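Quick one: the structure is below, and I'll ask about it shortly.
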C-alpha cells in the first residue's frame, strides 16, 4: 500500500509491554516457527534466523561457567523449553526471548495481512516499558518491515547483554538461594503515594546503616501504585522494619534476576559496556524514524541516531524510574486531535495486561468524546489458518511419503497381507526353517554347545530366494550369489515406485539425477555364510553392502546419492531419516529408503543369545512383565519420499506427511547397549521443535518396543514424560494410543524401523489402530503406574482412529539401535485432496500393460482383470492415466483402446482365454522403429478438424494460434495445424519427412529447410497466383486405379489418333495414378477407362495441379522462392520430385519448388528409393500429417506390412485418433510421452492403487551345508594324541600336498634320485578325495588319486635333477592297481600308505610303487598294491600324433550327436548319467564334471565342465582327472551292451595317461571313448579315452582296461578295513608285485575293481580303483608293452554317417556364454541384449578370459558394449574369428 493512500486521520500508538502475553509461550513460539517456514513469512524467517545467529554469537562470548548453562540450539524455539527464569542467565534469556517474541509477532502480523509498512512519522508513536522499550526501539529505527528484521536482531543482542550484565551485578549484591528458590527483587505497593513510600524506605536505609549499593528504592510509580526494588533480603527486612509497609497492600513482582532502574548502582560506564560494545554493523548510522516515548518522562527520546537512542534507552533502563502517569500523558498528548480531520485513534499491543488496561482507561478518560479509541491485537493472527504451507525453502518443506512396499514375516508379501495380519492380531512366530540352518545340530538350549543358538525361534519371510533375475538384467549365476536382501531391496524399491506412480524423468522431481537411495542394513549373513561356501565372480558385488543401494541406482539409472547405513536395530528408520535430511538439504528431490534383513547365519543367533538380547521363550513380549528379550525377524521394506510441494505438483497420492525426523545417541547411558531416557526425550523435543508441534497433539506412537526389561521401561518413561506429562494434562478427548509391531512380527533388526513406519502409514490409511498383542500375562511393573491418569495406553483391541474434521492427526514412530542410536519420525495426515471435477469427454481411453517376460505380462493382465471384477466402479479415465502416464514400461506389451470398464474386462478375458496368447506375445525390438511424417497435399481439409485437440491441449492451441497470427500478418486466412510439433510434444522422434504435392512445403519446414513463416508465405502466395493466373474449372484431375504404363497401354489408340491428351500428375502407388488435363479430355479418358473396368474418380479440385495449367505461375513462384533462405535439412527429406532421399541443401532451392509445382509427384518411386537406401523398412511407422489419412493408404499399398497412423480423421474425434496412434507407436516399441498426453487435465485424474507387478520368479538359494559354523569352535582345542605315524607326519617337509604328506627319505645323485613319502588316507584332504568316489557305500581311492601323487612326485624329483626346467611333461604308463584302497570308517584312526619312486635320467623314466603301512608302527608292507612308470617325453610328438587323429575323433563325435538327434543313440543329462553310474560308483558333486553324455552301446562322448575350485593342494586335482576320463567307466557300467545286472566293471589300470597342457578350472572339454573286448580275454574290455578342448585333442588315457566282476563279490572287495594294520595282500596271479625294499624293480599288476579310471600328468579323470583278484578260471596273463597303444578309430559304415553337429566357433561361444551365465543356450536369441541377460562389466571380463583360455579367441571385454546384442556379437565372431 502506498503511503499516500494511507488513512491520514488515524493516530496510532504501538505499545511494547515488559510482560509476556498470557498465552502458552511454547505454543506461541512453535507457531512463530511454523509460520517462518512459509514463504509468505519471509521477513519473519529472516528475523528469527538473524536473532538465532546473534544469540549464538553472544553465548559463545560468555565465560565458560555461563556458556555451559546454555544447551546447543539451532533455533530460538529450542530455548523455549529452558526454564529461563532460573539461573544466572535468567535475565538475559527472559529479556531476549521477550524481544524476539514481540518483534516476531509484529513482523508476522504485517506479513499475515500482506500489507505494506503503514507507520507514518507524526501519526504513529511508539511506547514501551522496561525491556519492551528495546523492541520498540527496533521499530523506531525502521522505515520498512524489512528493516525491522535487521534492527530487531540487534535489539535482541542488547537485550541479552543487558540481562547478563544486570544478573552479574545483582549477584554481587546478594547471592541466589542455595536451594534454587526464586526470590523477587521488586514488590508493588498500592494505595500509597510515592512520597510516603520514599519516606519509609529512607528511614529503613538510614536506620539500618545499609550500604548505598544495597539500599531499597523506588523503581516505578504512578497514581495508584509504587514499585519497590532492592536485594530480596533487604526488601523483606524493609517491610518488616516499617509498620506502614508491613501492613500495606503489597505483592512481589516476578522479577527474579536483579536490579534495573537503580541510579545509585549504575553509571555511564556500565551503560557503555553494554551498548557501545555491541558489534552491530547495521545500526550506527541509522536514523530514528518514529518517535519513541520515554517511560520516565513520557516525552519522545531526543536521540536522532541508533547509537544515541540505545544509549538513552540503556540509561533509562538502568538508572531511570518508570512513571506510568507520564507515559499515559505522552500517549494522550499524541492521540489528541491535531486538526479537525483527525477522527480515530488506535493502540496496537500484544494482548492486554493490567498496566495496559490502566493506560487504556486513562487515555479514554482524557481524550475528547469525538475521538474513537480502538485496540488492535498483534498476537491474534498467529492462530489463523493460512491454508497449505508454501515452504520458504527446501529445508522448511514438509515431506510426503508417496509409495511403499514390503516383504515381512507371516506371508506378508504385500501391504494388504501385512495389514490383514495386524488387523487379525496374528503372531508370526515360528522356529528356524531348515533352509536357513539345521536346528537339530545348531540349537542347544543348555548353551553348552559352542557356536550353537539357545533359542529356536524367529519370524521369517516366505520364499526369500525367489527372484526375477531376468527383469533386473541379472544372470542366474549373479542372482544366486547376490544377497537376498539386495535382491528384495530391488524388488520392493520397484514396487514402491510403482505404487507411487514414479516414472523416472516424468517430472522435475523424478529426474534420474535427482533420485537417491538410502537403505539400512546391519548384517552380512549371506556373504559370510551361504555365498562364502563357494566364492565366485559375484562374491563382492553380490555380497558387499554398498552394492545393495548401488544396484538399485544402476538398474534404474538414478545418479543421485546411494547410501547404505548401519545403525544396528534402528538402521531402517535411520535410513529414512537420512533420506529426509537429503531432501531438506536439497541433495535429492525423490528418495527411496528402507531397511533390509534376511537371517541365515547361526553365528549371529549365537552371538545375540550369548549377549542376552534374545528371548528363549518366543516372541517379543512388549510391555509384558515376562519380557525376556527380543525375537529375531526377517524384513524388507521400502518407501518413496518427496517434498510435499513436489508430490502435490506431481499429482501423487500421499500416504502421510513427515514433519520432522531426527537421530541422536545415548552417550550418557550406563552401557553402550543400555537405552537412555534423557537422550530419547531430547530427540523427541528436537523433532517436535523442528515441526513446531505441541506434544499433546500427538495421538499415536509406534513404539520401538523390543520386549526387553530395560528397553520397555526406559521407552515408556521417555514417551510418557514428553507426550503425556503430568502437567499440562491431556484432555479426555486427547487420548494417546501406543502400539508395537514387534509383538506381531518380531524384531526385524535393520528392518525393524521400516516395519514400524509401514504399520504407521497403514494406520493412517485404514483409520484404525490394530490391537497390541505383546502383553501375554500382565503389564510390566516397570511401566509408569499413572499412564491411565495421563490418558495414554496401548491399544489392546482394534481401535478406530478417525481423522477430525478440518484437522490432522499426528503420529510418532520410534526406532532405537542397540549401539545407542535413537531415531524418531513425526508424521501427520496428508492434505485433504479435492479432486477437480472436469467434464470427461474423451470417448476412448488407452489401457496399457507391460512386463519383461511373457509369464509376467499374462499374470499382470490376470491381476488387472481380477481387480476390475472386484472394483467395477473403477474410473476408466483414472485407469488409463495410471497404466500409461504413471507406469514404467517394458518390452512385452499389451495395449488397447476401450470406452468402458466392461469393454476392457471383455477384451482381457478374450485375450487370456486364447490358448495361444502367450506364444503370440513378442517383445518390442531393442531399437525402436523409425518414424516418418507424411504430409498430405490438397483436397483433404474440412471444417472443425482437430477442434478437440485445440480445445484440450494448451500447447497445440498455442501453436495453432502462433501460426495463425503469422498467416494473418502475411495476409492469408488459415494454416495447417502444427501436427509435427504436437507429435514431438508427445515424445515421438521423427526420422524423416515426405510431402505429397503441397505437403512438401510443410515437410521442408519440419526438416528445417525453410522456416514455418516462409512455408506459410510461399503456400499462400502460390494459392494466390493460381487463382490469379489459372482458369478455374477449365481443367480437372482423375484418379485412376492403374499404373502409368497400364494407362498408356489402354489409351494407346486414343493417343495415336491425338484425340486426347493428359499428363501424369501423381504416381501415388504402383497401381494408383492421378492424371490431369483439360476437363473435356479428362472426362473422355474417364469414360474410356471405365469402359475397360478401370476404377476412376474425378478429384474435387478446381485446377489440374502438376500439369501445364500451372505454367503461368512458375516464373513468379520461383522469383518469390529465391528470396527465401534454404538450409540443409536436419532430418532426411524423401523427395517425390526427385524420387530419392535428400540429405543436404544442394538439391533444395527455388527451382526445386518450381519443379515440384509443375512436375509429377512420384510418391511411389520416392518410397522405393527410401527403401533401397535403407531409410525405410517393414517396421517403419508412418504418421500421416493432415486432416485425413490419405498418405497412410498410399504407404500401405506400397508396403502392406507398414504401420500408418493418422493424425486426424474425418468424422472421428481427434483425441481418439491420436490415442489410437499412440497405442500403435507404443506396441511398436516407442515410448510416447503419456505425461504430455494427460498433462492438460491431470488434476482431474487420480492415481489408482492397482495390483503390483507380477514377477516371473525362480528360487536362487544357496543352502548352508554342514556344521562348519560349529566346527570352527574346535580349532582352538588341542590335536588328537600322536601315534608314531602321526608324529612323523607333523615334521616339516619340503613336499606337502593334499595327498603327499611327508618325505621320509630322499637321495639325489647326478642322474638319479630316490624319494620315499608317507601319507595318511584319514587326513581330511585325502579322505575327502577318497569319499568323492564311493563304492558299496565305502570310500574307494580312485586311480586319479594315484595319478596326482605320481605327477606330484615326478615333477618334484625331475626338478631336483634338472632345476631350470620350464615345464615337465609326463606320461604315466603301465599303471597297475592290485588292491582296492578303501577308507577306514574307524574314527580317529590313521591309515598310512607309502609311495616310493626312483628316477633315472638315462632312461628319462621313473618307477613308482605304493605300499600300505602299519598305523601303529609305520612299518611298510612287504609288497606294493600299485605300480606305475612315468616317462618324461616331448609333448610335440604327442601333438603331432593326435593331430592326425583329431578329425577322426571329431567325426565320431559328430556321428554320435547325429544319432542322438535321430533317436538312435541315448542322450543323457548329467543327473541321468550319474544315476547310471550309481550301479557301481557314487560320485561327489566335485567329481561330476560331465554335463551331458551321448551313449551308443560301447561308444560315447561327453560334454565336460570342470568345477572351478581346486579344493586343496594338488598337481592335478583328482576330481578334474576323473571328470574328463570316467566316461569309459560309464560306458562299461551303464550301457545296454553290458550285463550290468550280474556284473560290474572295474579298471585295473591303463597303458598311459598324458595331458598336452594342464587342466583349467571351470574349463569345458569333450571326452570320447569306444570300448571293445580283448580277444585274449572275454572278461576284459579296453579303449582309448580322448580328451578334447575345442577342436584339439589335449589329453588321452591310452588302453584303459576294465575287468568284469560278478556283483556278488562287491562286498568282498569293497568293504572298509577293520583295523589300521596292513592286511595280508592277495598273492599275485600274474607277474609279480614290487617288493618294498626293491623300489627300482618294475612288474605288471593285476586288474583292480573300480569304474573308469584315468591317470593324469596335469589332469586325470575316471574311476581308478584297485585290482580285484578273480577266481582262477577267469584270470588271464597280460603282458604290457613299454609304449602305450592307441586303440584304432573305427569308421562307421555309410549308413551310419550323420550330419555333423554345429560345432562352429559361434556355437562354442554361445555354449560358453550360456554356461558362464547359467542360462540355457536357447535363451541366447539374436535380439537378446547382454544387459537383459545380466552380462555386466564383471561378467564381460570373465567371458573374454574364458574365450581366450578355452576357445583361443581374443575378445576384449569392451566388445560386449560395442556389440550389445547376441546377434551383433555372433556376427562379429563369424566375421573375425
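Numbers here mean position along the shown chain, with the first residue as 1.
Any Cβ shown, glycine's included, is placed from N, Cα and C.
Straight from Swiss-Prot, here's the annotation block:
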REGION    27-261  region 'N-terminal acylcarrier protein transacylase domain (SAT)'
REGION    934-1212  region 'Malonyl-CoA:ACP transacylase (MAT) domain'
REGION    1297-1616  region 'Product template (PT) domain'
REGION    1301-1437  region 'N-terminal hotdog fold'
REGION    1465-1611  region 'C-terminal hotdog fold'
ACT_SITE  1522  active site, proton donor
REGION    1674-1704  region 'Disordered'
COMPBIAS  1677-1688  compositional bias 'Low complexity'
MOD_RES   1737  O-(pantetheine 4'-phosphoryl)serine
How many whole Å apart are the CA atoms of the residue listed as 'active site, proton donor' and residue 1737 (O-(pantetheine 4'-phosphoryl)serine)?
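That comes out at 34 Å between the alpha carbons.
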Please give me the CB contact count at 10 A for residue 1737 (O-(pantetheine 4'-phosphoryl)serine), counting all chains in the structure.
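There are 11 such Cβ atoms around residue 1737 (O-(pantetheine 4'-phosphoryl)serine).
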If I take every residue in the region 'Malonyl-CoA:ACP transacylase (MAT) domain' (934-1212) and average their pLDDT values, what number comes out?
83
Applying a 10 Å Cβ distance cut-off over all chains shown, what neighbour count does residue 1522 (active site, proton donor) have?
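Taking every protein chain into account, the count is 37.
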Which state, by DSSP, holds the residue listed as 'active site, proton donor': helix, strand or coil?
helix
Helix, strand, coil: count each for the residues of the region 'N-terminal hotdog fold' (1301-1437), based on DSSP.
30 helix, 58 strand, 49 coil
Take the region 'C-terminal hotdog fold' (1465-1611) and count its residues per DSSP category (helix H/G/I, strand E/B, coil), listing them in that order.
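Once the DSSP states are binned, the region 'C-terminal hotdog fold' (1465-1611) shows 32 helix, 72 strand, 43 coil.
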Which state, by DSSP, holds residue 1737 (O-(pantetheine 4'-phosphoryl)serine): helix, strand or coil?
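SS state of residue 1737 (O-(pantetheine 4'-phosphoryl)serine) = helix.
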